[in-house]
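Residues or ranges marked as domain 'Aldehyde dehydrogenase' in TrEMBL: B:28-449. Per TrEMBL, the feature active site maps to B:Glu233, B:Cys267. Taken from TrEMBL, the feature transmembrane segment covers B:493-511.
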Amino acid sequence: MERQAVQRAREAFLSGRARLVEFRLQQLHGLKRMITENETEISTALKQDINRSQYDTPLLELIGIECEIKLAIEKVAEWAAPRSVERNFLTISDEVYVQPEPLGVVLIIGAWNYPWALTLLPLVGAIAAGNAAVVKPSELSECSSLLLRALLPRYLDKDLYPVITGGVSETQELLRLRFDHVFYTGSGSVGKKVMEAAARHLTPVTLELGGKSPCYIDKNCDIRVACRRITWGKFVNCGQTCIAPDFILCEPCIQGRVVECLRLTLLEFYGADPKCSPDYGRIINTRHFNRVMGLMEGYTPVIGGQSDASQRYIAPTVLKDVPPHSRLMQDEIFGPLLPIVAVSDMDDAIRFINEREKPLALYIFCSDKKAAKRMIEETSSGGVVVNDVMMHYTLSSLPFGGVGQSGMGRYHGKHSFDQLSHQRACLVRSLGMENVNLSRYPPQDRRRARRVRMALKSPLIDMSKRTFVWAVTATVICFGLAVALLVILLIAAGLNCTCWYWRGFYNYW
Amino acid sequence: MTNTGHYNFETRKLLSSTINTEKMSREQLAVQRARKSFQTGKSKPLEYRLHQLKSLLRFITERRRDIADAVKRDLGKSENGTELFETLGLEGEIKLAVEKLAEWAAPRPVEKNLLTITDEVYVQPEPLGVVLIIGAWNYPWAVTLQPLVAAIAAGNAAIIKPSEVSSHSSKVMEELLPQYLDKDLYPVVTGGVSETQELLKQRFDHVFYTGSGTVGKIVMEAAARHLTPVTLELGGKSPCYIDKNCDISMACRRITWGKFVNCGQTCIAPDFVLCEPSIQSRVVEEIKKCIKEFYTENPETFEDYGRIINQHHFKRLMGLMEGNTVAVGGGSDESQCYIAPTVLKDVTAESNVMKEEIFGPLLPIITVSGVDEAIQFINEREKPLVLYIFSNDNKLIKRVIAETSSGALLANDCLVHFTVSALPFGGVGKSGMGCYHGRHGFNQLSHLRSCLIKQLNMEAFNNMRYPPHTAKKLGWARFFLLKQVNVGLLRRMALLAALAGLAAFVVQRFLQWG
């Protein structure tokens with residue numbers, strides 16, 4: 001069944017209709033309508049999957065998707081247009097540009113924690129770039145995945161964008177087939193398998209993985225505000241966010257204060273009993289519930305720690321003085337447990353971070369911009385936010401992606417389009433002007449080599465229309481300003497030739 | 001024995017114990033030294049990168065003779081040929097990198113939205129770490145050292161593994177490069193298949209491979225085990241379509257040059273020609289004329305005509321010629337690995353010579369009824385590294401661009417897109433992934449890290465995202481996230497308003513003087 005769907009998608013792509021910009025716009029509009037017309041159904045599905053609150057759904061997923069679609073609709077014609085590049089002396093009379101092209105059939109494997117955003121955002125990029133896409137939502141968010149399978153064919157082209165649901169075996173079957181790009185969001189262990197499968201067909205991949213995103217709190221910053229922001233980022237979606245602050249690093253002297261601020265903020269956000277708060281989520285399934293509970297074993301939390309297996313509920317939990325080699329500090333937590341690890345100072349924190357794999361995000365809370373910049377300079381991560389958490393996700397001009405074990409490739413906004421396109425170098429010369437070429441033909445000698453060297457050495461020139469227009473405008477304005485300045489100086493010097501003119505002007509007023 | 005004192009990710013143990021380095025292979029040692037050297041932060045400062053790049057440039061200019069000698073022994077290429085095709089391009093890349101490095105490595109500000117209007121938002125290019133560069137034998141210097149230029153410019157360490165097939169060049173590189181570049185950061189590791197396999201078992205932060213698709217798959221599979229990103233510069237059969245209404249003699253001149261340079265052993269050489277039957281004999285005649293002009297009546301004795309790299313490839317190419325009509329050339333000399341510039345006509349699609357990338361001085365001509373059939377022929381096959389089209393009709397060229405795909409497209413010439421460093425050089429599909437040259441190389445071997453620097457004030461603003469959620473808060477969030485504001489335009493308008501205000505003020509004052 002998977003094979004047939006992929007075959008149909010390829011045939012539909014080869015028909016050429018996905019390439020037309022009007023078609024892409026039409027599909028993007030369709031996707032937007034799907035999101036706006038079915039908000040209630042999507043919210044219900046998410047409530048059943050992960051107990052997402054009715055407000056968190058639009059806030060965390062749907063608004064973001066709408067934003068991306070709107071941006072793509074506005075910009076797709078611009079993004080898909082040929083992009084001129086700088087020339088050199090050899091190519092000065094040629095057409096030199098990069099033409100973005102669709103890749104073909106893209107496989108999008110979504111994740112369960114934000115089943116709509118993480119599946120549809122890559123789809124927006126795939127459609128905008130003119131590809132066909134096979135969408136494979138995660139089976140763990142079952143209701144969302146079934147709803148997506150029902151809805152998508154009603155709004156988008158059935159053949160070009162099929163939805164394939166299923167578990168591990170269906171995914172493995174899909175990965176045996178040939179695609180032109182595979183876009184995977186999920187864990188590193190499965191990411192390796194995806195890349196190995198893609199290697200067999202020489203298919204490029206984008207892997208949005210995870211890791212333990214550290215959160216450093218400097219002792220000299222506004223701890224209350226820092227803790228508010230961290231609390232929000234950590235416990236949203238019950239900690240099941242790839243860019244959630246995984247653990248806190250701070251000096252022992254402020255640990256108590258941090259715990260207090262977290263406690264107060266949790267009270268404000270979720271009330272005395274988060275179980276009753278409509279805004280607090282649940283763990284996706286029993287396996288993950290048991291996994292997260294297992295991480296807590298042997299530790300006494302300073303906040304929270306309560307749980308209810310029947311609801312897969314784990315209270316927002318904070319643990320302090322966590323040793324660096326404990327179980328909690330091995331794998332990505334992906335749950336509502338927030339360990340605090342003590343470090344002696346910022347240098348110690350930098351060392352701690354660098355001893356471990358590069359995370360997907362690094363968070364630094366510090367009032368001293370220079371110190372924060374030093375920390376950025378001396379570490380590496382997919383992205384970094386100073387004095388907040390997760391907000392880099394909302395700015396589509398920033399490329400979103402990991403590095404090292406946290407992933408490869410990036411997306412959001414134009415980056416999605418570029419990631420799922422082939423940037424084809426085009427050089428259109430003419431069959432004339434053969435003199436320029438003479439030096440390259442055999443027989444080779446030093447004189448010819450010298451001529452070629454000179455031609456290749458020339459600086460790169462930006463011959464794009466925009467630069468030309470800007471150059472002309474700037475010249476005209478400068479000339480105009482120069483003339484105006486001259487006139488003013490002449491008048492100030494009180495020259496008779498201009499005085500009567502201005503007196504007349506003044507009398508008029 | 002070495003005391004490393006670092007965290008071992010596999011065993012999840014903090015390794016404070018010593019590691020028995022005697023048991024480590026040569027490759028493992030080189031990688032470990034490079035990584036330790038990288039971790040000291042030595043390669044990060046721009047001055048250091050510039051220093052290394054300038055040393056590399058000195059290497060090429062001072063050791064011109066040694067390099068040319070090695071290439072002559074490997075591929076029979078003349079000294080001037082080496083300069084033209086290997087070192088000139090390399091010099092250009094290094095000079096460009098030296099000139100532009102500060103610009104490429106600087107933070108790149110990006111467009112903001114309403115929510116981030118007072119924040120610092122930019123993308124910071126960073127080194128990846130240790131890059132593995134696996135070179136190829138056909139242009140042993142250009143194809144191995146150009147990625148190195150990008151790696152150094154991006155601030156990485158790099159293990160350089162030149163191809164063992166071009167054994168002389170590889171030996172010279174191993175001996176001489178450490179005299180110019182940092183020995184620990186940029187070691188040269190020579191060897192054959194088993195050494196390469198040993199290298200591929202190690203963990204890198206990026207693998208840059210140039211070569212065949214079969215080995216490319218193995219490289220990517222090995223990289224997948226460590227989740228290492230790869231750049232694969234592979235090959236394929238690059239078609240060359242000649243429109244019957246173009247200047248055929250000029251087209252054939254350029255094709256002849258592009259095809260027989262380096263004895264056809266160029267990944268972007270025009271692999272085969274597609275043209276209508278009516279012009280086939282004209283094409284053959286013109287190419288024959290050009291071969292004579294470029295390589296004399298007897299290319300075997302001519303200095304600027306190369307040789308096949310080794311016996312294995314010589315035999316492979318002789319096998320491809322079988323069963324086809326030789327229109328020009330066809331001569332060979334096994335003792336010298338010499339094959340004359342050869343044109344095969346009336347070749348069928350099922351012939352052996354059309355089954356794999358030729359990578360030699362055989363140019364098959366396949367007849368097609370017109371551009372439609374040519375496009376169909378091209379699309380039925382894997383996406384090539386480059387597509388060549390010779391035509392005076394711009395509309396036809398644009399049509400071919402729109403209806404086909406390839407790594408690159410070059411109209412009315414061969415190979416020269418390689419020299420335009422502003423163009424990304426790379427394949428698509430089976431011809432490769434990733435690209436390089438100039439800034440693209442720098443970007444390919446860097447991590448472009450998103451940075452968002454906010455303040456700890458204006459906290460009231462954030463209340464709309466915090467629970468307990470209300471419809472009103474959501475409304476505000478929707479407004480701020482969805483309202484697309486062209487911050488750049490706002491800024492320009494504000495500037496214009498300020499200028500207008502100033503102008504009005506000046507005029508008003510001036511009127512008061514009068």
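Cβ from N, Cα, C; glycine included.
Heads up, TrEMBL stuff is auto-annotated, nobody curated it.
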Q: Provide the three-state secondary structure of B:Cys267 (active site) computed with DSSP.
A: coil
Q. Where B:Glu233 (active site) and B:Cys267 (active site) are concerned, what is their Cα separation in Å, rounded?
A. 9
Q. Per-residue pLDDT averaged over the domain 'Aldehyde dehydrogenase' (B:28-449) comes to what?
A. 94
Q. Under a three-state reduction of DSSP output, how is B:Glu233 (active site) classified: helix, strand, or coil?
A. strand
